[in-house]
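Report on one structure; see the data block that follows.
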Number of protein chains: 4
Amino acid sequence: MILAQSQILQCYNNFEVNEMKPITKKILQDTIRIRPTQSFKGTYGKIALIGGNQNFGGAIIMSSLGAVYAGVGLTTTITDSSNQSSLHNWVPEAMYLDYHDEPAVKALIANMDVINIGSGLGTDEKSLSLLKTVFASVSPTQILVVDGSAIDLIASNNLSLPKTKLIFTPHQMEWQKLSGVKIKDQNENTNLAAYNNLFKQQGSIVVVKSHRTQVLTPTGSFVNTVGTPAQATGGMGDTLAGIIGGFVAQFENTENAVLAAVYTHSAIADELAKKQYVVLPHQISEALPQFMKKNEA
Amino acid sequence: MILAQSQILQCYNNFEVNEMKPITKKILQDTIRIRPTQSFKGTYGKIALIGGNQNFGGAIIMSSLGAVYAGVGLTTTITDSSNQSSLHNWVPEAMYLDYHDEPAVKALIANMDVINIGSGLGTDEKSLSLLKTVFASVSPTQILVVDGSAIDLIASNNLSLPKTKLIFTPHQMEWQKLSGVKIKDQNENTNLAAYNNLFKQQGSIVVVKSHRTQVLTPTGSFVNTVGTPAQATGGMGDTLAGIIGGFVAQFENTENAVLAAVYTHSAIADELAKKQYVVLPHQISEALPQFMKKNEA
Amino acid sequence: MILAQSQILQCYNNFEVNEMKPITKKILQDTIRIRPTQSFKGTYGKIALIGGNQNFGGAIIMSSLGAVYAGVGLTTTITDSSNQSSLHNWVPEAMYLDYHDEPAVKALIANMDVINIGSGLGTDEKSLSLLKTVFASVSPTQILVVDGSAIDLIASNNLSLPKTKLIFTPHQMEWQKLSGVKIKDQNENTNLAAYNNLFKQQGSIVVVKSHRTQVLTPTGSFVNTVGTPAQATGGMGDTLAGIIGGFVAQFENTENAVLAAVYTHSAIADELAKKQYVVLPHQISEALPQFMKKNEA
Amino acid sequence: MILAQSQILQCYNNFEVNEMKPITKKILQDTIRIRPTQSFKGTYGKIALIGGNQNFGGAIIMSSLGAVYAGVGLTTTITDSSNQSSLHNWVPEAMYLDYHDEPAVKALIANMDVINIGSGLGTDEKSLSLLKTVFASVSPTQILVVDGSAIDLIASNNLSLPKTKLIFTPHQMEWQKLSGVKIKDQNENTNLAAYNNLFKQQGSIVVVKSHRTQVLTPTGSFVNTVGTPAQATGGMGDTLAGIIGGFVAQFENTENAVLAAVYTHSAIADELAKKQYVVLPHQISEALPQFMKKNEA
């Protein structure tokens, strides 16, 4: 699945230059719909978020916070039991499942619209086993958001990807592992070339996170126009993964939902950064309901 | 206890059409009394809330939050021990009891004015056992609020109901299980017919939750006039159950208390939804003291 | 130690009527001093708060919150280990000690200026053992605040009181147990008579909590002039005990400190109750730093 | 390592009087740089904070809060497992490691830019073992902040210091243990003399905390010009240690970073103390992002 460095360079030489499309405020109006009066929890989707081992519980908490505050209908967080209490302290709205109970995990995810895996998951045997369980369980009608350690695990174990709608959210090192493009060689063109070779056919979406995040989709290459260095702090990516999950669970056009989530995450940070030297990830999630209200259409 | 579908249809053909009475702001002035100067904790009632297994701890936390912020005098939350810490993080004002200690549960509920059961209770053997214990223990002078999984358990085990003041808070699927009226057939008339056949005689109250919640009481059928799709998120019903418990514990007219709780829950959400795309259940509870103050009479 | 009912009535007939002195805002200016520039943690005292069994962890948390937000220099909370995490969630500023480790408890309290015992302590063998340990350990120069279950334990076990500065904070039922005066017979005169017979000689202070709290001291009988029925909710007394502990640890005149704490607790509640139907105990503690600043002199 | 009292007195007689340089607002403009647009988490450093035994978990939480809210890129808190949940309740942004897993601790700190040790660490065998592990592991390019119990342990075990950039943050009693200068003899001159003899050669920085904190560095002796008695409460020092760690992880000039952290910590307290009788340590951390934004240059 992973291109050799020589293959990447060949792509780079051959590909046709595509202009990057800017992700602007307009994506919000195209995506965040005014909620219909006659609706219920099921209207806004069901999401399961899987991650958070004993060391990285904060990651899955922040991701869950993003999904819940984005407005998803029902949220279940599947994590190590040592994170149960702190999860409920932040989001009592999320249900909990111990990720060691794989039969229950399998049964639960069968009923989900969206599954997020990877925030704080870790890369040990347990993590790999969970990832394989998820890959073996998801159906083509579900959306699978793959973040953090899950990307590492795919690359290091050369895992085959399941036949479902996939959204990857790598930072630059994870993208290197996933695509074979080294960080120093990563740019809009090499990223697009690798995407076209590896992910386009299945219709996957890749969010390559950096100070100007690039989103690669079957319809083209997009670049975020907002964002601030005040966001450069641990947990920012976990929060983004949660918001993406929350948006794709609610909004019909998945590509637009991802683009809108990427824009929203950074636009809120920009707003907060006017008065803050650093923006804490959980503050972005807590600001979601107000931001989305202002930008619904 | 459960009507067959044919019986329901028969009811539907026979019943007399009753106009639904709107639940409006007036119910607040009829219910939320200015507190008398000479009063103490006991004046405002004692409530026990039972629920929250290892998976659904957030549900009983949100329900407890609703009761405490509604102003009940003394609150005890009876739940799985894994929820003790997160309960106290949200409401140190609530006392805690491990729901596995059934003798202690039995002793405690004997002294309560109101008992809530079902928020996040689950439907396993343990849950059923607890529910049976409560049904066997409550006295005619107590009020029992039956929510969530407890409704499922009643329906699936065809349990006989105890001779006490009962308040049911089913969502549409739970109402289907409890009444036999399928969701697609549920409307103000079929709901009333089923209520009249099954619950009216004992004087029970049923709150059928939907985007326009219907309340069925011995004096008639009421429909909520407020509420927003921003409320369509997990935990909203648990919060309502807690507020209902808190209101019936404090206010003498139980029917009015339920109607006022249903109105309050949605009216606060409407207010918050002016600035929020989604309203988190815990935010409604936290807004209760201010809302009730504005509407006391 | 406890008077028989006949003895009480005899007192009632014999005693000289003392006018109750009102506790007014003036007590704040007499008590809350502007902090000296050259000071350090030790200047503001060391307090240990003992209580909070597995069921009543919230009580000792609320009490600790009161002490810390009142400005005490160093706080240690001695409680059941199941409360460690929720304690730190509310007040990371408090240190923790497992109350099962009695040798450590004994060693720690030897270094304290003030010891609070009783909030959420419970009345089982463990609680009694802890109370006896404290009674056996305190020295005449320390102040001991006795609240909640500790008062029950003293009465039901007819414990001898230690020779130290004692402050009791009973509600009316606890006062009945402690003094022998039945609730229906409690009034400013019977309370004072019982106080004079039982507690005056040792110089103890008794705070009889009700909708108009009475404070009995060697210099007379005082009645609170503020307070609201919005305070009638569980945890209010635990919070008061913590504030009293925090005040006597900081302010030299112990009697004034108790009176000022009683006034402060209710005055904050009055302020909050202008906009809230119910005032949550933890909100009073959180408002302490601002209130005290406005009233320092 | 520790001077005898006679040696101190000799120093005192011989030393050349240096004027203390005031730490003023100017240090902020010299230190807190506007963040470069092209940056990522790594740009702002990686810190590990080690401390928090079963009794003092709040200390390491407050220290971690200081580092994260100061804007450090990646934070890991190494503490007793009983603090995992409360840590994540305050700062989900921090990763967690059980401090009993010394091989993992060793591996993790190898990748850190800054290591803080001592806040709430305690002084038992376990604490000593951890401190020795850290001393044996740190490299000359890392910065080590030594706080609280770690200073006690160094003094009482006469430990040799590692060859790395060291920052000590003793309060007056800890400084007595570390330097041999008794509290009653501590003043700007004796402190400087002891510093020059014991710490200057290696280039260490010492922050002697008091109501007017003194900072001793290879370039001279500095005195804080801000600070308030409202800060005299437990946890204040732990918070300062965390902020120092967060500043030295981000800002290139280590000496300036320490001075700016000391100033920032007290300047925020001064601001809060205008409206608060006591300033809670966690409130200072929470105010960092706004304060730093106003003072970046």
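Just so you know, glycine gets a Cβ as well, placed from its N, Cα and C.
Take the AMP site that TrEMBL assigns to B:Lys209, B:Ser210, B:His211, B:Arg212, B:Thr213: the candidate from B:Gly234, B:Gly235, B:Gly237 listed for it is B:Gly237. Together with B:Gly120, B:His171, B:Asp238, the (6S)-NADPHX site in TrEMBL holds one more listed residue from B:Ala48, B:Ala59, which is B:Ala59. A 10 Å radius around the C-alpha of B:Thr213 (AMP binding site) takes in none of the binding-site residues listed as B:Ala59, B:Gly120, B:Asp238. Sequence-distant neighbours of B:His171 ((6S)-NADPHX binding site): residues of the same chain at least 6 apart with a C-beta under 8 Å from its C-beta are B:Val208, B:Lys209, B:Ser210, B:Gly237. Of all the binding-site residues listed (B:Gly120, B:Gly237), B:Gly120 sits in the most crowded Cβ setting, with the most other Cβ atoms within 10 Å. Each residue contributes its Cα atom, and for B:Arg212 (AMP binding site) and B:Ala59 ((6S)-NADPHX binding site) these two points are 22 Å apart. Looking at the residues that bind AMP per the record, B:Lys209, B:Ser210, B:His211, B:Arg212, B:Thr213, B:Gly237, the two CA atoms farthest apart are separated by 13 Å. Here the domain 'YjeF C-terminal' (B:24-295) returns a mean pLDDT of 97 for the predicted model. Under 8 angstroms separates no C-beta among the binding-site residues B:Lys209, B:Arg212, B:Thr213, B:Gly237 from a C-beta of chain A. Less than 8 angstroms from the CB of B:Asp238 ((6S)-NADPHX binding site) sit B:Gly51, B:Gly58, B:Ala59, B:Ile60, B:Met62, B:Ser63, B:Gly66, B:Ser119, B:Gly120, B:Asp147, B:Gly148, B:Pro281, each of them six or more residues away in the same chain. DSSP assigns B:Gly237 (AMP binding site) to a helix in the three-state reduction. For B:His211 (AMP binding site), applying a Cβ distance below 8 Å and a minimum sequence separation of six or more within one chain yields B:Gly227, B:Pro229, B:Ala232.
Under the DSSP three-state reduction, B:His171 ((6S)-NADPHX binding site) is assigned to strand. The record gives B:Ala59, B:Gly120, B:His171, B:Asp238 for (6S)-NADPHX. Within 8 Å of the mean position of their Cβ atoms, the other Cβ atoms in that chain belong to B:Gly51, B:Phe56, B:Ile60, B:Met62, B:Ser63, B:Gly118, B:Ser119, B:Asp147, B:Gly148, B:Ser149, B:Gly234, B:Gly235, B:Gly237, B:Ala241.
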